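Written out below as structure tokens is the structure these notes cover.
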Amino acid sequence: MKNIILASASERRQELLKRILEDFQIIVSDFDESSIPFKDNIPSYVMNLAEGKARSVGKKIMDQDSNLVIGCDTLVAFNNKVLGKPKDKKDAFEMLQALSGNEHEVYSGLAILDVKSNKIITDFVCTKVKFSKLTSLQIEKYINTGDPMDKAGAYGIQGKAGVFVENINGCYYNVVGLPLNKLNSMLMEMGVNL
């Protein structure tokens, strides 16, 4: 069996991967996300970011055999504008206010790199999420929990912001940060059967 490495510091991704895989390593990527400019194609952008993360970790372990590195990047898009992690509370408020009462998309790019052969596969998942109308007080109370500050789009569906979600169309785990169904099919393509 190949050693599987998750190129992510995200606790959410680690928890999700543990649901389908008992044994894996974590090596945090030092990939500079700003090195890839956004050019209006969100699926391509998230796949390039995921590949950059996987290759960054792959370079660190080139001398080891039988390693597969999983890279992932998740972002929120609204009106074809990328909403990353908020810079501050004001930014978080503006993001949540924009999402209030509207539908947005959550994209995750996935990349799996076979370090020995240098073979890489990439794919993406898009999930549509509709928020109910939020009051300013709801948004402020949520921001004051600190929860939105490390999350794309300034919310985590698996936490207190779950009550904001009116409906979801697509993979729930994608919105959390790691689309398990797509990851499973990609691992199978790389010869790993869970």
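Positions of Cβ are set from backbone N, Cα and C atoms, glycine also.
What Swiss-Prot says about this protein:
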| type | residues | note |
| --- | --- | --- |
| ACT_SITE | Asp73 | active site, proton acceptor |
| SITE | Arg12 | site 'Important for substrate specificity' |
| SITE | Thr74 | site 'Important for substrate specificity' |
| SITE | Gln158 | site 'Important for substrate specificity' |
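Arg12 (site 'Important for substrate specificity') has Gln158 as its nearest neighbour among the recorded positions Asp73, Thr74, Gln158, going by CA to CA distance.
Note: the Cα of Gln158 (site 'Important for substrate specificity') and the Cα of Thr74 (site 'Important for substrate specificity') are spaced 15 Å from each other. When secondary structure is read from DSSP and collapsed to three states, the residue listed as 'active site, proton acceptor' falls in the strand class.
Proximity of Thr74 (site 'Important for substrate specificity') to non-local residues of its own chain (separation of 6 or more, Cβ distance below 8 Å) is seen for Val46, Val106, Tyr107, Ser108, Gly109, Ala152, Asn174, Gly177, Leu178, given in sequence order.
Every protein chain considered, the tally of other Cβ atoms within 10 Å of the Cβ of the residue listed as 'active site, proton acceptor' stands at 26.
Other Cβ atoms within 10 Å of the Cβ of Gln158 (site 'Important for substrate specificity') number 17 in total over all chains. Other Cβ atoms within 10 Å of the Cβ of Arg12 (site 'Important for substrate specificity'), summed over all protein chains shown, number 18. In the three-state DSSP reading, Gln158 (site 'Important for substrate specificity') counts as coil.
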